[in-house]
Amino acid sequence: MAVPQRQPLWAIYLIGFLIALLFFKLPWWLAYYSLRANRPRKSWTLRRTIHVQIFRQVTKLFMEFGIADGRDLSMEVPQKELEPLNARFVWIPELEDDLVGIVAEHAARAGVKSIAIPAYWMLREGSKWSPEHEKAQKDEKVVLYFHGGSFAAGSAYPSHMTAAIPKGLLKYSTSLSRVLSVDYRLSSGPPTFGPVNPFPCAVIDAIAAYRYLVCEMGFLPQNITVAGDSAGGNIALAVTRYVVENRLPHLPPPGGLIPASPVTDMSSSHASADSSHYLNAASDIFDLSPYPYLRSDDFRGYVGEIDAEGTKENRYLSPASKFAIPPDVDGDIRLFSGFPRSYIIGGGAEQLFDDIVALAEKMKEDGVDVTVDFPPDAIHAYFLFYWHEPERTESLVKCAAWLDGRPAEVDVELAGQRGDDLV
Ligand SMILES: *[C@@H]1O[C@H](CO)[C@@H](O)[C@H](O)[C@H]1NC(C)=O
């Protein structure tokens, strides 16, 4: 944690923040939002409304003070610590093969290259690592997962909040027995946005992890599904694009893709007065005031040297941008030609919703087999929050069914969980 702990000012601020939250804001919210008409979404329970408000305060605090919860990626985690979490630490070796295409060009310009990075094998609850896990089993299915956190925070550590997706898929899928969750290198976030690990650093780590699954572990590419939430969804799309576009003989494309509340347009080309960016500013977990929505400026640590024009046109950074340039401008290779079957998740109450819808539409237009799950009143990355039921469990159950290639059977009893309404 990058908390400036020895600064007395920080401690005073934090105490003030907590007092204001507990004794002023919370009572006010409880009163104000007890009226359903005042809630950002009328269907929301009071409990959910308060959770979102608290989350907004905390994300704002984190952004103002540059608190990131990433781990020191040079350290190995002892196996003893991971045993109770059904997980196993592994080093992903650095890429031996040369990078190619746009990613290679940007890597040279940004001066970034591949290094060994940590990752975690996450197993089904109750199962233990055994010698047969050292290689892929015949026809074994696997999910390669990238956590969220604005490219600057978060961790693949198996008890981190973002582990909800790998855990959910392992719980509800009948064909999946493990997930590889990658601790890709983080860039620098607010307020400093220092020049740390800019694009395509995280994409290079993702390519190394994909190569590890195929070339070292022996998974069949068709048996690999690449998934990620938020910034991790952007990275999942980017690594898939890399292997689709470059047609590397040893790295064929994966069999599936799950972008969950993905960041898909850092240029906000779909933002307008009546787009989700504005309309959902009050119903999402980010309070970005004075700006209403996430902009490329909020990702400038990751975007690095790439200018506004580049951010708008770069299909790796902004695949859903109106201005993304396809791989083959004159020919018939479209922006998403060759992409695997995809399951796209997005919340109707999130700012980035219109970008996610644009992504799904573009992919369908380009011939990709796309399934969408867009619960109307759900916030950004709702599937991570235990207080965002029933949407959270319903989505994990449906996504796991899609992964297994069977129809979803959403348990109607799940809907009963709405009963924890406080009103
Ligand atoms: C893995 O891929 C192979 C080849 O495409 C396929 O036959 C098999 O059914 C896949 N395994 C699973 C569990 O989907």
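Cβ coordinates come from backbone N, Cα and C, glycine included.
Around the Cβ of Ser230 (active site), a 10 Å sphere holds 26 further Cβ atoms from the protein chains shown. According to DSSP, Ser230 (active site) sits in a coil region rather than a helix or strand. The active site annotation in TrEMBL covers Ser230.
TrEMBL lists 143-383 with the feature domain 'Alpha/beta hydrolase fold-3'.
Here TrEMBL flags 12-33 as transmembrane segment.
The list of residues near the transmembrane segment (12-33) in space but at least 6 beyond its ends in sequence, with Cβ under 8 angstroms from a Cβ of it, reads 39, 46, 49-50, 53-54, 57, 61.
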